[in-house]
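Here the structure comes first, spelled out in C-alpha cells, and everything after it is commentary.
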Amino acid sequence: MTTREQRKDEHIRLALSHPVTQSSFDGIQLVHRSIPAIKRSDISLETQIDSLTLNFPLYINAMTGGSKWAGEINRKLAIISRETDIAMAVGSMHAALKNEELIPTYRIIREINPHGKVFANIGADVPLSSAARAVDMLTADALQIHLNAPQEVVMPEGGRDFSDWLTNIEGIIRSVDVPVIVKEVGFGMSAETLEQLRGIGVQIVDVSGRGGTNFIYIENERRPQKDQSYLSEWGQTTSVSLLESQPFQQEMTILASGGIQSPLDAIKSIVLGAKAAGLSRAVLTEVETNGLEAAIQLIETFKAHMIDISLILGARNINELHQVPYVLSPELESWQRQRNLKERSK
Ligand SMILES: Cc1cc2nc3c(=O)[nH]c(=O)nc-3n(C[C@H](O)[C@H](O)[C@H](O)COP(=O)(O)O)c2cc1C
C-alpha cells in the first residue's frame, strides 16, 4: 500500500472515531409563525446551482477514493445517492490522476449511478490538464476544487506552498466546461476569501465550515508527537461562514457544509442563504456503523423532515426559505457587527 492509500484509510478511520461537537446552528433561531398558510404538496425544494438543477437541496459531500476500502465506501455512497436521488461528490482524485490502477475506486460511482449528479474533486494545486481529466474520468456534472491549507500544515507530509492556488483555480475555471465549486474542507470561509474568489470569476462556493469533521484533529492524530491539538478551533463555523457570505449571495451561489447534523441544521443553512447543504461524516458514520439500508433511511428522513420544517415555516421553495426571519445568538450577532457584515451586504 502506498503512503497516499494508507493516508486515505487513516482519514476514514479517524473520521469514524472523531468526537461530535455542538452544532454551530444552535446560535440561530428561526421565527415561528402560527399560520403557515400553505399545504405540504405546495412545497418543492428543487434548487439551482449555476447551470445545474438539483431535485433536492442536499448532497453527499467529498470524502474518498484511492484505496480498496475507499472504493468500497464509494460504491455504497453511490447506491445511497442513487436510491435517494441526491447529488454526490467523490474525494480528492489525486490518487487516480497519479496511478491509473486506482481509477476504478472513483469510477464506481458513475457505474452505480449512471444518471445521477456527480461531482469530481481535486486540490487547488493540480495542473490544468488534470482538472479536465478528473471531470472526464467520472463524466462529472461539476468539479469541486478543495482548499485545505490548515490540513496541509498539520499533516506531517503535507504541502507548504500555497502561492499559486489562486492563479491555478482561475485557469481551471477557464479550462473545464462544467460548473466549478470551490470548497473548504471544514475550516469555513471569510468575506476576504470570497472577495478573492469572486475576483477570479468563481461563481459557486461551498463554505464548508467548522463544527463537523475537523481535519486539524484528524491530522494531529497522525502526527507522531500529536502536538498541534491547540489549533483544533481554527477557522469559521458554518453558520459564521454563511453570515460572511451574505454580502456575496446576489452574485455567487453559496453551498453549506460542515457539521450539518440534523434536517433543522440543513434548513437553517438555507435560511442563511445557502442553495443546498452537504453531508459527509454523518453519512459515512451511518453507512459504516449501521449499514446501507440505515444510511438510505437517514437521507430519506432528512428529506422528509426538511419538507416538514419548510411547511411549518410557510415556505414553498428555496427562495421563500431565504426570506424566513431569524434571530442570532449574542455571539453570532457580535461577529456580524464586528465584521460589518450587514453594512457590506447593503
Ligand atoms: C473521511 C473524509 C475525507 C474527506 N476527504 C475530502 C477530500 O478528499 N476532498 C474534499 O474536498 N473534502 C474532503 N472531506 C471534507 C468534506 O467534504 C467536508 O467538507 C467536511 O467533512 C465537512 O463536512 P462534515 O462535517 O459533514 O463531515 C473529507 C471528509 C471526510 C469525513
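A Cβ is built for glycine as well, from the same backbone N, Cα and C atoms used for every other residue.
Binding of FMN is annotated in TrEMBL for Ala62, Met63, Thr64, Ser92, Asn121, Ser208, Thr213, Ser280, Arg281; the matching candidate from Lys39, Lys183 at the same site is Lys183. Under DSSP, Asn121 (FMN binding site) is assigned to a strand (E or B) in the three-state scheme. Its Cβ placed at the centre, Gln151 (substrate binding site) has 22 other Cβ atoms within 10 Å. Of all the binding-site residues listed here (Lys8, Ser92, Met93), Ser92 has the Cα closest to the Cα of Ala62 (FMN binding site). Separating the Cα atoms of Lys8 (substrate binding site) and Ser280 (FMN binding site) is a whole-number distance of 15 Å. Using a 10 Å radius centred on the Cβ of Ala62 (FMN binding site) and all shown protein chains, the other Cβ atoms total 26.
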